[in-house]
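Trainee: Following this message is one structure expressed as structure tokens.
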Amino acid sequence: MKNIVLATKNEGKRMELETLLAGAATVYSLRDYPQCPEIEETGETFVANARIKAEYVAEYTGFPALADDSGLAVDALDGAPGVYSARFAGEDKDDEKNNEKLLRSLEKVPREERTARFICALVYKDPNGDSIEVEGTCEGEIASEPRGTNGFGYDPLMYIPALQKTLAELSSEEKNRISHRSKALQKMKAEWEASGV
Ligand SMILES: O=c1nc[nH]c2c1ncn2[C@H]1C[C@H](O)[C@@H](COP(=O)(O)OP(=O)(O)OP(=O)(O)O)O1
Ligand SMILES: [Mg+2]
């Protein structure tokens with residue numbers, strides 16, 4: 001099995017990716033490289049930021065790296081918070097403050113205009129230079145109040161109409177059936193098989 005270092009410091013992502021990669025790769029993460037500096041996300045797109053993180057960590061560790069850059073695009077906010085999702089309410093990347101700010105920003109927006117999607121870009125980078133880039137999305141609506149305690153980030157506000165639950169009310173197995181991250185990783189696994197890396 002191939003070794004992969006997950007180029008993330010986000011524990012929610014790390015746990016989901018580890019579960020989704022079980023059996024397909026031996027997974028390390030930046031928890032195993034505590035000296036790895038904070039990587040600046042200067043890109044204007046999810047894939048550009050994932051590329052920056054994957055390249056940095058492949059170089060830093062000498063192992064193949066898999067980076068995830070993801071976030072929430074809300075239609076009524078013209079796609080915001082987008083690539084700024086983690087820092088929507090400030091540099092300290094506080095999920096609760098981000099959720100509060102999102103609710104405030106949508107205070108006057110009626111239910112039918114609260115459509116949104118999670119987007120996940122995954123970039124895999126080999127130390128020998130090969131790279132693979134994929135994306136997955138998950139459609140929903142921003143709820144009027146947080147519900148559920150599972151998951152991380154904006155999950156308590158991401159309502160999935162077909163399931164009548166927020167992502168934070170789903171078990172990890174249920175979330176992994178529909179999430180932007182699992183869809184992107186399915187594409188990545190298919191690319192790995194096709195290219196033999
Ligand atoms: O499944 C998800 N469920 C809820 N929220 C989510 C999800 N997926 C991404 N998100 C939110 C969290 C964070 O506000 C932003 C990611 O920001 P992003 O820069 O990609 O990650 P990060 O800075 O937390 O960790 P790192 O860059 O080390 O991977 O989108
Ligand atoms: Mg980040």
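Our numbering is plain: 1 for the first residue shown, then up by one each step along the chain.
Each Cβ is built from the backbone N, Cα and C atoms, and glycine gets one as well.
Where the annotation comes from TrEMBL, it is an automatic prediction and has not been curated.
Note that the coordinates shown come from a computational prediction; the quantities given were computed from them, not determined experimentally.
Just lifted these from TrEMBL, have a look:
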type: ACT_SITE; residues: ASP69; note: active site, proton acceptor
type: BINDING; residues: THR8, LYS9, ASN10, GLU11, GLY12, LYS13, SER70, PHE152, GLY153, TYR154, ASP155, LYS175, HIS180, ARG181; note: substrate binding site
type: BINDING; residues: GLU40, ASP69; note: Mg(2+) binding site
Trainee: Rank the recorded positions GLU40, ASP69, ASP155 by how many other Cβ atoms lie within 10 Å of each Cβ and give me the one with the fewest.
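Mentor: It is GLU40 that, of the recorded positions GLU40, ASP69, ASP155, has the fewest other Cβ atoms within 10 Å.
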Trainee: Could you state the CA-to-CA distance between ASN10 (substrate binding site) and GLU40 (Mg(2+) binding site) to the nearest Å?
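Mentor: Each residue's Cα considered, ASN10 (substrate binding site) and GLU40 (Mg(2+) binding site) end up 14 Å apart.
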Trainee: For the substrate site as recorded (THR8, LYS9, ASN10, GLU11, GLY12, LYS13, SER70, PHE152, GLY153, TYR154, ASP155, LYS175, HIS180, ARG181), determine the largest distance between any two Cα atoms, in Å, rounded to the nearest integer.
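Mentor: Largest Cα to Cα distance for the substrate-binding set is 20 Å.
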Trainee: Which one, from the binding-site residues GLY12, GLY153, has the smallest tally of other C-beta atoms lying within 10 Å of its C-beta?
Mentor: GLY12
Trainee: With respect to ligand 1, which members of the recorded positions ASN10, GLY12, GLU40, ASP69, GLY153, ASP155 satisfy a Cβ distance under 6 angstroms to one of its atoms?
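Mentor: Within range of ligand 1: ASN10, ASP69, GLY153, ASP155.
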Trainee: Looking only at THR8, ASN10, SER70, the binding-site residues on record, which one has the least crowded Cβ, with the fewest other Cβ atoms within 10 Å?
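Mentor: Least crowded of the binding-site residues THR8, ASN10, SER70, by Cβ count within 10 Å, is ASN10.
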